[in-house]
Amino acid sequence: MPQQKRVRFKEDEQQVKNLHHLESGAVYGALLVVVGCGLLTSYLATRLPPALTVGDLERAPNAFIAERAWASLKTLNDLGPKPAGSQANEVLAYEFLLQEVQRINASKHDSQHLEVDSQTVTGAFSISLLNQSMTSVYRNVQNLVVRLAGSDVRQHALLLNCHFDTVASSPGASDDGASCAVMLEILRVLSRRPVRTRHTVTFLFNGAEETMLQAAHGFITQHPWAADVRAFLNLESSGSGGKEVLFQAGPHHPWLIEAYARAIRHPFAHTVGEEIFQLGLIPSDTDFRMFRDYGEVPGMDFAHIANGYRYHTRYDSMDFLSLDVLQRTGDNVLALTRDLAESDELAASDLPVGETVFFDFIGLAFVHYSASSGRLINLAVVVLSLIVPLICFARARFDDVLREVIVGLVGTVFGTVFSIIACTTIARQLDFFGKSMTWYTNTHLILGLYCCPALLSHCFVYLFLTTFYTNSKSNLSLGQMTQARLVGVNVFWSAVTLAATVAGYRSGYIPMVLLVCSLASSTLNLLFNASRTHRAWMYIHLAGQLPALLWATNFYNVLIALFVPITGRFGGSRNPEVFISLLAAGGTLLCCSYLIPFIAQLRKMMNFTAKLSAITVLTLVLACLSPLGMPYRDESMATEPTPQRHYVTHTFRVFHDEFGLYKSTDAGFFFQEMDRNTRATIEEFVAPGESLTPMRQMDSCRAELFCALPFYSLWHQMRFNNYWLPGPEPLYDNMVTMAYLGTEQLDSHTQRLVFAMEGSIQSSIVVGPKEGVQLVGWSLLDHVPRPAKFGGREGHFVFITHGLPGKAWNVTLDLRYDQPKPTGELVDIVVTTKFWEYHHMHTPEFEQLLAKFPSWSHVVPSVALVSVFPL
C-alpha cells in the first residue's frame, strides 16, 4: 500500500485528505454566495432615491421636485408619437414647452435674467457609420433655446440638451420626454434662486434628434448662442427608466470627470461603456456627436439603459416609469449643473487634456484617474499580484510551486477555450432547431443554458489536470496546491490586463480590480502567515473574493440588461445565441475564475458536475418545450412587456424611362427583419400562393439602384435581411417630387443637372452615377461625401427631413464624365417619400395585414412612394 502524504505543520499526524478535502456543501455554499452577490448587485442597480413632492418644497426649496417634472412629462406623453414634421411635434409639443418656459419666466426670482429664442433652422451635413456615409438634409426643424444668464460678464455657458421628438408609434416617455421634463424642472429651480450662477446655463429643447441628430446640428452650427457654449450635458435614453449612466465623456477633458466626481450623489459611470459605444456595438447615436464634431465642445452623455425592450416602442410610456426615476436623474443633473456653472474650468482658456479611467463600485463609490496613471496602476497591480502570493511559498520547492502555477494558468486558459466551444455549440444547435432567443424575456435561463455549461467546461478541465498531472511526489499539501493554482489564475488575469493596457483600452481596469482583490487576500495571508494553515487562508481568500464577486456580478447584470434587449433590434443575419453565449461564458469566467481551482479539493467532484449537467438539461427542456422559453410578452402576459419589433411599409413604386415617361409600377409590403425570429413570425400569416421574397433576391435588386426600395435608415436596411410581399397599391394624397428642370454644360466633361424639390415630407434621394460618371459637386453641401455601396452599385444617399412646411427648393448635381453620355446613361435617381403616422393612408388590406401580427408584436406601419428614373 503506497504511503500517504502528510502535511508539515502542527497536525502532522493527520492525513492530507482529511485536512484539505472539502465536502459538497462547500461548493454549493460558494455558488449560493455567487448568486447572492448577483441578487444584491441586481437590487442595488434598481434602487432609486424616493421622489420629492410639492409638499417637500418648504424644507427643500432648492431641491429637484420630481412631482413637478412628472406633470410636464404627462403632457408630453399624452401627445402620443411625435415624429419630426408631425402636428404633434411641430405644434403641440413645441407650444407646450414654450408655454412652460414662459410660466417659469413669469415666476423667476427678480435677480435672474431669462431669454427665450425659437429657432427654425435649415442645413445639411455628412455622417458616416459602419463604413457607409450619407448626407443628412433638414429644412425648417425647430429648436426651443432658453438662456439663464450668469453673473460673469464673459458669457461662458453650459449647455443642457434633450429632444422632444420621438420615433413613430412611440410616445417617447423615456426617449426623450423624461429628459425634457427634468430640464424644465432644473430651469425652474435655478431661476428661482436669489443669486445667479457664475456662468450662463443654456437649455436646448431640440425637435429633430431621431432624424439623424439634425436639430442639434442646426443649433451648434447656426445659433448665435452656440459660440458661448464651453461644455454640455446631453440627456438621452436607450431604455425605459432605471438609473442614468454616464457612457461618454470628453473627449480628452478630464476636468469633466472631476466635476462628476465632486457633484454626483448617485454615481453610475464606466469607461467600458464609452468604449463599447464607440466600437459601434450599440446600434444608436446621440447628439453628443454633433456637439463634439461640429462644435468642438466637450461634454457628457447620459442615458437610461434599463428595460431596453421598451425603447422605441409603444411601451415607452409613463405607465412603465416612476417618479423615482425622474428624482434620481434630476438630483444628479441638477448637482452637476450647479457645479459646472460655478466652476473655474468653464472660464479657463487652457485646460489639461487627456483620457480618463472612471468607474463606480456598484453605485457606492466613484473612482477616476488619468489613463497614464491607469497604465502604471495596472502594471503595479500585475507585478504585485504575482510576487506577493509567491512569497508565501518561500519555504517550498520552486519546481513544485511552478508546476501548480502552470496547472492553474493552463486550467484557466483551456477552461475558457472549452467553455466558449461548449456555449457556442449549444447556441448554434438551438438556433438550428428554431429555438433562438428563448432567454429574451426570462434572462435567468441564460444561467442554465450557457453559464452552467461554461462552468462545467472549467470544472472538467481542472478534473482532467488534477487526475493526470498531479505530482504525487510534491511536498505541497492539497491546500498549498490550490493556492499555487490561484496564482496561475492571477497570471491569466495579469495577461488580460496587460494586453488591454498595451492595446490602449482603458477598460483594463475590469480585470485589474479582480487582481486587486486577490492581492489583498494574498497580502493578508502573508501578514498573518496563514498560507500554511488548514482553513484560515481559505477564509481570507473568500473574504477577499466578496468584493470581487460584487464587482463581477454587477458587470454581468449590467451587460445582460444592456445587450439582451439589443438582440431584438440586432437584425436577423447575425445569430444572437452566439453573442449571448459568449457574453455568458465571459461572465462566468469573470465571476468564478478564483473559485474554480477549489474543485480539486472536493471529495465528490463528479457528483457536483453531474448536478450542473442536470441543471443544463432541465433548462434546455424548459427553454425549448415550455412557455418559459417563449421570447416575447405583451402587457397582458407580463408586467414588463418584451415585444418583438416589426417595421412594415406599404410601398408603391413607379418606374420611368430615360425621357421621364411612365414605364411600369408595382406595389407591395416591405418588411424589415429586426431579429432572428422575424421571418418565422411573418411567414405564419403569408397566405398560400403568396410569395415572401428576400430583398436581395428581388428582380429590382438586380436591375435598379439600391433595389428601388424605400430605404429610410441607410445602415439598418442595407445590413438587415428585408422581405417583399406583393400587394395592392396604398392610398396617398401627396408626395415629394424631384422635377427635372434642365441641364447646364459647365465644361466639355461636366454637366449640371437642375431639379426642383417639392413636398414637405420625410424623404430620401439616392443618386447613382453610372459607369464612367462621377458626382463632383452638388448644392446640398460644399463637398461630396464618398458614396455608399449596396448590391454592387455605388450611390450617394440623401436623407431629408422637414419640420415645418416649406417652399419648393432647387437641387443641382454636377456630373463629370470622360466620354459624352447619351440620354439615360448619366445617372440613376431614386426618390422615396416616407409617411409616418399617416393612418388615414392605411388601406383595408394594410389594416388586415397589421391585424395578423400577434399581440406581443410592436408593429411600426408606414406608407412609402418610390419614384425611379434614369437621366
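Note: Cβ is positioned from N, Cα and C throughout, glycine not excepted.
Curation plays no part in TrEMBL annotations; they are all automatic predictions.
Database features (TrEMBL):
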DOMAIN    143-336  domain 'Peptidase M28'
DOMAIN    402-624  domain 'Endoplasmic reticulum metallopeptidase 1/1-A TM'
DOMAIN    641-869  domain 'Endoplasmic reticulum metallopeptidase 1-like C-terminal'
TRANSMEM  25-45  transmembrane segment
TRANSMEM  376-394  transmembrane segment
TRANSMEM  406-427  transmembrane segment
TRANSMEM  447-465  transmembrane segment
TRANSMEM  486-503  transmembrane segment
TRANSMEM  509-528  transmembrane segment
TRANSMEM  548-566  transmembrane segment
TRANSMEM  578-600  transmembrane segment
TRANSMEM  612-632  transmembrane segment
Looking only at residues six or more beyond either end of the transmembrane segment (509-528), which have a C-beta under 8 A from one in the stretch? 271-272, 357, 359, 374, 377-378, 381-382, 384-385, 388-389, 391-392, 483, 486, 489-490, 493-494, 496-497, 500, 536-537, 540-541, 543-545, 547-548, 551-552, 555, 590, 593-594
Per the Cβ under 8 Å criterion, with at least 6 residues separating them from its ends, the transmembrane segment (578-600) contacts 22, 26-27, 30, 34, 38, 408, 411-412, 415-416, 419-420, 423-424, 426-428, 431, 439, 446-447, 449-451, 454-455, 458-459, 462-463, 466, 478, 481-482, 485-486, 488-489, 492-493, 510, 514, 518, 538, 541, 545, 548-549, 552-553, 555-556, 559-560, 563-564, 567, 570, 608
Cβ pairs under 8 Å between the transmembrane segment (486-503) and the transmembrane segment (376-394), at least three: yes
Between the transmembrane segment (548-566) and the stretches 25-45, 376-394, 406-427, work out which stretch tops the count of Cβ pairs under 8 Å. 25-45
May I ask for the residues of the chain that lie six or more residues beyond the transmembrane segment (25-45) and have a Cβ under 8 Å from a Cβ within it? 242-243, 306, 362-364, 542, 546, 549-550, 552-554, 556-558, 561, 591-592, 595, 598-599, 602, 608
